[in-house]
Structure formats: structure tokens, C-alpha cells
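Listed in TrEMBL for this protein:
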| type | residues | note |
| --- | --- | --- |
| REPEAT | 88-129 | repeat 'WD' |
| REPEAT | 130-172 | repeat 'WD' |
| REPEAT | 173-214 | repeat 'WD' |
| REPEAT | 215-256 | repeat 'WD' |
| REPEAT | 257-298 | repeat 'WD' |
| REPEAT | 299-340 | repeat 'WD' |
| REPEAT | 341-382 | repeat 'WD' |
| REPEAT | 383-415 | repeat 'WD' |
Amino acid sequence: MKLKRFFLRYYPPGIILEYEKGGHPRTKSIDLLDLTPETNPGELVAEIRQSEPLITESRADQVKHLIIRLQQKQIQQKHHRFCFSKELKAHILPLTNVAFDKPGSRFLTGSYDRTCRVWDTASGTELHTLEGHRNVVYAVAFNNPYGDKIATGSFDKTCKLWCAETGKCFHTFRGHMAEIVCLAFNPQSTLVATGSMDSTAKLWDVESGEEVATLTGHTAEVLSLCFNTVGSQLLTGSFDHTVAIWDVESARRVHTLTGHRGEISNVQFNWDCSLIVTGSMDKTCRLWEAISGKCVAILVGHKEEVLDVCFDLSGRFIATASADGTARVFSAATFECLVTFEGHDGEISKVCFSPQGSRVLTASSDKTARLWDVQSGVCLQILEGHIDEIFSCVFNYEGDTIITGSKDNTCRIWY
């Protein structure tokens with residue numbers, strides 16, 4: 001094995017090693033999820049060298065320098081105040097979803113008007129209109145981190161794969177018997193997973209356009225899905241109150257996570273693939289061990305349905321959004337509720353962490369999005385201007401741009 005070069009990953013902190021093995025280029029990552037500005041770089045390098053043979057004595061100073069750069073990035077994270085930049089009258093009918101590419105330079109909007117549009121973030125200009133679906137375009141995604149392909153899932157029961165540069169359709173994935181409501185690329189961008197109202201999920205080959213597998217076993221609609229960060233497992237969350245963990249290579253079900261007493265609203269792996277969080281209409285979230293499928297905690301406190309749930313990138317915190325108009329942050333280690341965000345005047349349908357993990361963004365039916373401080377629970381900013389409920393909000397990779405999507409048929413860019 002021969003080390004070729006290093007890449008820095010800011011969120012979550014890590015160092016990517018590019019090396020050669022048997023004449024083939026490979027990569028592996030050293031995750032530094034617990035890195036803080038106070039960490040001693042020299043001690044951390046010594047620790048890394050014990051478990052990573054590619055980091056030799058001659059490379060130690062280089063790695064130390066990279067760790068210091070990661071720490072400097074953490075120190076830079078001063079409070080960014082977002083200003084309204086542009087309103088895009090994106091579609092003639094309501095929007096369904098929005099998604100960024102990895103750098104945040106482009107974003108997607110899906111709509112009831114049967115199209116997906118690709119936008120330039122900086123100028124707010126439309127780059128492409130992806131036309132061809134015969135019904136609502138409900139789920140949209142870039143194949144991040146590459147950003148050269150787009151997948152759209154529709155109520156017409158198909159998923160389409162598009163070239164992000166030209167807007168040309170590569171493939172139409174046919175096979176579902178009902179509406180497609182969720183989709184995701186695997187991290188390697190070789191597969192697309194789709195979830196449908198027909199109670200199944202399917203895996204599709206990006207290159208050939210062929211169906212790879214049908215994942216059967218749920219007895220109601222599959223409403224959410226998520227690959228783990230290495231692409232070896234897939235989660236599916238269903239209206240049948242259960243979550244399934246699938247082995248991607250064999251397409252076999254590894255575990256069924258049972259215990260929720262209501263429909264599953266969202267599912268997510270943490271960064272290191274060890275934990276799974278699930279949100280449910282039964283007003284709770286549950287935390288599960290990915291290896292055993294065992295429930296390790298029930299996160300309670302919400303008075304109404306939990307509509308969204310997510311980990312921060314480091315995997316230390318969990319955020320929940322509820323129909324009771326509040327959002328909460330829990331510790332993934334102790335399971336206790338650390339802070340409750342109160343102030344919205346309507347249900348919160350979407351929640352996400354900033355890449356740095358220091359802020360939480362919420363989208364509400366009260367026509368506003370709010371930015372909160374994770375430590376204090378203080379509302380830092382109210383993003384106002386939409387004239388109907390906001391159902392989608394997302395940060396770009398650097399955390400310095402926000403897109404909000406609303407039922408008023410517009411999306412807004414905030415810098």
C-alpha cells in the first residue's frame with residue numbers, strides 16, 4: 001500500500017487518504033468526530049498512527065498540519081446572520097421538495113406541475129427544466145458528492161435519472177405499482193433506491209438503468225429511506241409502523257425494527273453507521289443499534305406527532321420536529337432532552353442541523369423558518385416573507401446559504 005495524497009473534509013471533520021493497493025487507487029477516511037479546538041494535535045497524530053499504518057513518521061507533520069486546519073475552521077464558525085437574497089417563483093403549481101448539490105452552487109425544486117427545475121444558487125437563474133414525468137414530481141436528489149446526476153421520483157410510478165449538466169434524461173426506472181415518494185443515491189453513486197406507496201423499495205443500477213432488486217416485506221407505504229454513509233445498508237420506514245434494515249449487496253432484510261405505534265415519518269443513520277434514529281406519528285423517536293437492531297432509547301416529550309428527525313453530522317445530537325409546534329435536541333449518548341425550541345405558531349414539518357452542528361433550522365406551517373442556537377435554545381433569527389406554509393428547508397455544505405420551499409409556489413434563497 002502506497003499513500004498518494006490527503007484530502008480535508010470539514011463536515012464532519014476528517015482526513016481522506018488516497019492510496020494505491022495492487023496498482024488500484026483507493027480511498028479511506030479517518031473520522032475525527034470528537035475533534036475540538038482544544039484537542040492536542042500532536043497527541044491526536046500519535047493516536048492515529050497507532051491504528052493507521054499508512055501514516056508513517058515522515059507523514060506525521062503533514063497530518064498534524066491538516067488537524068490544525070480543521071481546528072481553525074471550527075474556530076471560524078462565528079454566528080452568520082442570514083439575509084433574504086432572492087425569491088424564485090419557481091413553479092406554477094406548489095413545490096414538493098428542494099435539494100442542494102454538495103458545494104451549494106445549484107439546487108433542485110420538484111413540483112406538482114410535473115417538472116423538476118435546476119437553479120443556479122448565486123444568480124437565482126434557472127439552468128434546466130427536467131420535463132417528462134406525467135404526474136407530480138415528489139422526490140428529487142443530486143448524486144452528491146459528485147453532482148453530475150439528478151434523480152426524480154414521481155406520482156407517475158417512475159423514477160428518472162438525468163444529466164445535471166445538460167438536463168438530458170439517461171434512464172426511466174419502471175416497475176413500481178404506485179407513487180414514488182422517496183429516493184436516495186448510494187454514496188458511491190452506483191445505485192438509486194426508491195420507496196413507493198406500493199409498500200416496496202427498489203434498487204436501480206445507475207449505469208445500466210436496470211432494476212437490481214425489489215425489497216419486499218412492508219405491509220404499507222414506504223415513506224422514507226436512507227443509505228448509511230458507506231453504502232452497505234439501507235433503511236426503509238413505513239406506514240406499517242416498522243423500519244427495515246437491508247443489506248444492499250444481497251438485498252436481504254437484516255433486521256425489522258418494531259416498537260413504534262404509529263406511521264414512521266423519517267429514518268436516518270448517524271455518520272459512523274452505528275446508530276439509527278426513527279421518528280413516528282406515535283409522538284416518539286427511537287434510537288436503535290444498527291448491528292443488533294435493538295432499541296436503545298425512546299425519546300419522549302412531544303405532545304403531537306413527530307414529523308421529522310435527524311442527526312447532526314458528528315452524530316452527537318438528534319433533532320426532532322413535531323406537530324406540537326416545538327423542536328427538540330437530544331443527546332445521542334445520554335438520550336436526554338438538552339433543549340426545546342419554542343416559538344413557532346404551527347406544526348414544524350422539517351428540521352435540520354447546520355453542517356457545523358451549532359445551529360438548527362426549522363420550517364413551519366406558520367409561514368416562517370427559524371434558526372436556533374443548539375446550546376442555549378435561543379431563537380437567533382426568524383426567516384419571514386413566505387405567504388403560505390414552509391415545508392422544506394436546507395443548508396448548503398458550508399452552512400452559509402439556506403433555501404426554503406413553500407406552498408406559496410416560491411422558494412427563497414437566504415445568504
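Backbone N, Cα and C define each Cβ position, glycine as well.
Curation plays no part in TrEMBL annotations; they are all automatic predictions.
Values in this document were obtained by computation on a predicted structure and should not be read as measured data.
Proximity of distant same-chain residues to the repeat 'WD' (257-298), defined by a Cβ-Cβ separation under 8 Å and at least 6 residues beyond the stretch ends, is recorded for 12, 31, 33, 220, 223-230, 232-233, 235-239, 241-245, 304-311, 313-315, 318, 320, 322, 330, 332, 335. Mean predicted confidence for the repeat 'WD' (341-382): the pLDDT average there is 97.
Stretch with the most C-beta contacts under 8 angstroms to the repeat 'WD' (88-129), considering only 215-256, 299-340, 383-415: 383-415. Beyond the ends of the repeat 'WD' (299-340), by six or more residues, the same chain brings 11-12, 33-34, 262, 265-266, 268-272, 274-275, 277-287, 346-353, 355, 357, 360, 362, 364, 366, 372, 374-377 to within a C-beta distance below 8 angstroms of the stretch. Taken through DSSP, the repeat 'WD' (299-340) splits into 0 helix, 22 strand, 20 coil. For the repeat 'WD' (173-214), the DSSP-based tally of helix, strand and coil residues reads 0 helix, 22 strand, 20 coil.
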